[in-house]
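Peer 1: If you scroll down you'll find the structure; I have some questions about it.
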Amino acid sequence: MSTEPSAARAETATDDRPSVPFTKGHGTGNDFVLVADPDGNAQLDAERVARVADRHQGVGADGVIRAVRSVHLPEGEAVLAEHPEAEWFMDYRNGDGSIAEMCGNGVRVFVHFLVEKGLVDLAPGQSLTIGTRAGAKTVTRYEGGYSIDMGPWRFLEPELAEDAASDAMVLTAGLPDPRPALSVSLGNPHTVVPLQSMAELADLDLTRAPGVDPEPPHGTNVEFVAAHEPLIHEGVGRVRMRVHERGVGETQSCGTGACAVAVAMRAWAGPEGSDSWLVEVPGGVLGIDFVRAADGEEHVVLAGPAELVFDGELIA
Ligand SMILES: N[C@@H](CCC[C@H](N)C(=O)O)C(=O)O
């Protein structure tokens, strides 16, 4: 019989994988663990990501971002074929370890990380193109933040959304009745639900994923939005949102979600809608603009801050 105390015999979470330096950062409270992996050697699989992102037994984060040269992964090679300048790729995973196509706050924090770690030179006013699973994105640095050309948006169900009304119902989240919603893709899926008041927004229960019917095939991020009065002030639309993110839960902010909210609110507002929006999230404010791009299509531009808060080393 073993004489070791049972606590000493208990399985620990450590393994023999090499330790990995990391940086913690956030964009309007949407927080990430960032790892520089220029040559594509880091072992950051779904299980390790979920462990690192755990807020009780890990570092804690909404997502984990690996900064890898595009040549080292097939999705990066696909981006390089059309954008040879996209040297760096944002390999993004949600806190549960699942892969997401895109993360708007993540892109800003990722580029800030590349700049601060000396991996790229980017002065205010200059732009950098990076690779993501939703294609190449061009990011411009300004004093106090970064703006991202997110490219064109689209309705997830164009036929259903033709009259810009709704294409789904959202249930639960503490709401007394099912609410109509509109689903929008920014590379990743979003379902936007308009609410009647700021009080209704504040009272939501987002401790569990809201039910969406019909559920988009790969799941969805759900944004609840309430309008300021008046909605448009000096040409700018002003709303407040809360979000339940796919693969995470409620977060303090979601950049692609804020873009989806601007798309839906402008559609619902009709001719009175604006091409400029300020979206308040629990962790700050994001700016969204619709612009006609050189390719002749309408693009969404997301702007906001990015901060790095500490460095550490993953030992498990
Ligand atoms: N917070 C991000 C979005 C992250 C991905 C999302 N959870 C998904 O699964 O699509 C943002 O700022 O856009």
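Cβ atoms are placed via backbone N, Cα and C, with glycine included.
Sharing the features that TrEMBL gives for it:
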- N30, N94, G104, N105, N188, N221, E245, R246, G255, T256: substrate binding site (BINDING)
- C103: active site, proton donor (ACT_SITE)
- C254: active site, proton acceptor (ACT_SITE)
Peer 1: Whole-number answer please: how many Å between the C-alpha atoms of E245 (substrate binding site) and the residue listed as 'active site, proton acceptor'?
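Peer 2: Each residue's Cα considered, E245 (substrate binding site) and the residue listed as 'active site, proton acceptor' end up 8 Å apart.
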Peer 1: In angstrom units, rounded to an integer, how far apart are the Cα atoms of the residue listed as 'active site, proton acceptor' and N30 (substrate binding site)?
Peer 2: 7
Peer 1: Within 8 Å of the centroid of the Cβ atoms of N30, N94, G104, N105, N188, N221, E245, R246, G255, T256, which other residues of that chain place their own Cβ, given that this set defines the recorded substrate site?
Peer 2: G63, A100, M102, C103, G106, V243, V248, T251, C254, G257
Peer 1: Around the residue listed as 'active site, proton donor', how many other CB atoms lie within 10 A of its CB?
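Peer 2: Result for the residue listed as 'active site, proton donor': 30 neighbouring Cβ atoms inside 10 Å.
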Peer 1: Which one of the binding-site residues (N30, N188) has its C-beta surrounded by the most other C-beta atoms within 10 angstroms?
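Peer 2: Ranked by Cβ atoms within 10 Å, first place goes to N30.
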Peer 1: Find the longest CA to CA distance in the recorded substrate-binding set N30, N94, G104, N105, N188, N221, E245, R246, G255, T256; express it in Å as a whole number.
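Peer 2: Looking at N30, N94, G104, N105, N188, N221, E245, R246, G255, T256 as a set, their Cα atoms extend up to 16 Å apart.
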Peer 1: If H, G and I count as helix, E and B as strand, and all else as coil, what does DSSP give for N30 (substrate binding site)?
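Peer 2: In three-state terms, N30 (substrate binding site) counts as strand.
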Peer 1: Within a 10 Å radius around the Cβ, which one of these binding-site residues has the most neighbouring Cβ atoms: G104, G255?
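Peer 2: Ranked by Cβ atoms within 10 Å, first place goes to G104.
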Peer 1: On a simple 10 Å Cβ count over all chains shown, which one of the recorded positions E245, C254 is most densely packed?
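Peer 2: Result of the Cβ crowding comparison: C254.
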